[in-house]
Amino acid sequence: MAENTKLETNKQKDINLEKIVTPGQLVMKRFLRNKLAIGGVVILVAMFLFSFLGPLFTSYGEYTIFFVKDGVEFSSEDHKGMDPTAEGVKVYNKAKPSKTHWLGTDKDGRDVLVRLMYGGRVSLIIGFVVVGIQLVFGILLGGIAGYYGGKIDNFIMRIVDVFYCIPTLPIMLIISSIMLAYAIPQELKIYVLMLAMGLLGWTGVARIVRGQILSLREQEFMVATEAIGLHPAKRIMKHLIPNVMPQLIVIATMGMGSIILAEAAYSYLGIGVPFPLASWGNMVNTVNDPVIMREYMNIWFPPGFCILLTVLGFNFVGDGLRDAFDPKMKR
């Protein structure tokens, strides 16, 4: 009888162990229950595959120009050395969608679908790089301000206030004018754009990190790290920052959508990614031509639609992560 009771107790313990769910599993379970978040993941995976793997399946690049001579189409890669200005030869621009060019060609005779792929790659890379810069500066300065407090906190937060008050658009216009005046190479402009967007946008991250660390630094586990003489840098990076990671992940995910929109706006205004490098923003810029806007929707609508889908995808995923990490959510 005693043996049976012992066996039942052990079985009950095993059942209880099986029911234990780790915090990571709990977050994943909440996230997977969010249909909008899963939809966002599907959208983003599709966009990444389209932008990074799509160009591998095309026979020409984003700079390939198509011409027509006597009704026969050819590309600048297929007929290198041919004079595009020769009699009977013209740029195959503003072509309607066809079997050869699924989305037609743009005003310069380049395939819209191919440039859409390369443009997505540029826009997504800009988003990741800018978010990375913002996180580095925000975590570093916000962590130092929150941990040390006092005069250091006051000094860093005044820096944050100054950067927060800087008007981004006028600064970007000034930077663009300076690069134009000093004839900065076009290929360097994209790096300047990413650096400027990163340096002007880290203040929100710093404030959130500081606020979280101010509430965490007096917890028992932090008192214990101080008692054993752990270096402040290790306390911040190994014990405080990991506890802020859920908020940072949500900030980064939702920030990606905002950055892609900002890049599109800057490129639309002519101060973003320089032509002929493709980005979704400078592809939408062609809508400035009234004729293209009215009669050639195939040139400007696809990049605009890709921007819409990608931003929605990041926002859905960000909302899903925020709800999943929220400890107040019911299981």
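Heads up, the Cβ atoms here are built off N, Cα and C, so glycines get one too.
Listed features, source TrEMBL:
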DOMAIN    120-318  domain 'ABC transmembrane type-1'
TRANSMEM  36-57  transmembrane segment
TRANSMEM  124-150  transmembrane segment
TRANSMEM  162-184  transmembrane segment
TRANSMEM  190-209  transmembrane segment
TRANSMEM  244-269  transmembrane segment
TRANSMEM  299-321  transmembrane segment
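Here the transmembrane segment (299-321) has long-range neighbours at 31, 34, 36-41, 43-44, 47, 94, 103-104, 106-107, 112-113, 116, 119-120, 123-124, 246, 249-250, 253-254, 256-258, 260-261, 264, 280-281, 283-284, 286-287, 292-293, meaning same-chain residues at least 6 beyond its ends whose C-beta is under 8 angstroms from one of its own. Counted as Cβ pairs under 8 Å, contacts with the transmembrane segment (124-150) are highest for 190-209 among 36-57, 162-184, 190-209, 244-269.
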